[in-house]
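A.B. asks: Please see the structure below; I have some questions.
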Amino acid sequence: MSVIVPIHGPAIAPAPAPERVGVLLVNLGTPDSCDTKGVRIYLREFLSDPRVIENQGLFWKLALNGIILNTRPARKAKDYQKIWNHEKNESPLKTITRAQAEKLSASLGDRGHLIVDWAMRYGNPSLRDRIEALVAKGCTRLLVVPLYPQYSAATSATVCDQAFRVLRELRAQPTLRVTPPYYRDSAYIDALATSIKSHLASLTFEPELIVASFHGMPQAYIDKGDPYQAQCVATVEALRERMGVADDKLLLTFQSRFGFDQWLQPYTDKTIEALARKGVRKLAVVMPGFSADCLETLEEIAQENAEIFMEHGGEEFTAIPCLNDSDAGVQVIRQLVLRELQGWL
């Protein structure tokens, strides 16, 4: 009588779960709280990124830890408190980015294999946390969407850096795509033009001209080859053409300079002061480089720069809201996402 001996081979791996696609919207970041401690934690992470401050040598580290993190957080905390969403206990940037993700998900319709999420490069929810969460939900393909219309190494590139740091630690990595900058995308330019015209139509005064203010950066970064300035110029040129306005009726400036190095010029605050001194009495400012309202738009422009304008002779000032989670703003993101998801849906 023969005996059948069982053969013990390697365990058979379970069948793979249905593949899902993750879409991750990413913006710059925000403190978890508007007190000095929360702002200090945020600034330490932000200013320790070599993409943001390229010279991370001993002098910078001494200045950061010995001076900046002991003086700047208290001042910036007061600024955050002016714009803080106290109902949700979070910054407007977090509120708006969440809404953008939720509305984008709804706009994409019933696609059970598609998951939309959002993250911040600095602060929370972190890129690491949300990428790991998407992978845990079965996402084998991931589209990262830096919410910066204009590319810069200090914004878009550092998002990619951090995403790859997270993937480097995963055995089963998702396939990764990153959306490109959309600084002259027709949907983006159309949305900006429509938003500007709609806001101006709601005013009780007519601005004499519009200032398009972009976040600044050190001139040295541009000299090293960063395309950011050229893309800002391209955005304003396309917007002028779309709106049919002359160059001197839609000016390009740069805000938020920090430290003692030369930054991109002309500076927004100096330009606004000069315009008021020259007799401009009614002014509008739009911030095309920001996909969502944040400290730099709601406090720096809408409050600080408004005060500068009024103190030097201005009479009427308006800060035009960013596209935010408006229908047009979400449509810009939706079109960008669908274009980059081709072959995955």
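The count begins at 1 with the first shown residue.
Every residue gets a Cβ built from N, Cα and C, even glycine.
Quick caveat, the model's predicted, so the values are computed rather than measured.
Positions annotated as Fe cation binding site by Swiss-Prot, on the basis of sequence analysis: HIS215, GLU296.
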A.B. asks: Taking HIS215, GLU296 as the binding-site residues to compare, which has the smallest set of other Cβ atoms within 10 Å?
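C.D. replies: GLU296, out of the binding-site residues HIS215, GLU296, has the fewest neighbouring Cβ atoms within 10 Å.
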A.B. asks: Helix, strand or coil at HIS215 (Fe cation binding site), per DSSP?
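C.D. replies: Strand, per DSSP.
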A.B. asks: So, in DSSP terms, is GLU296 (Fe cation binding site) helix, strand, or coil?
C.D. replies: helix
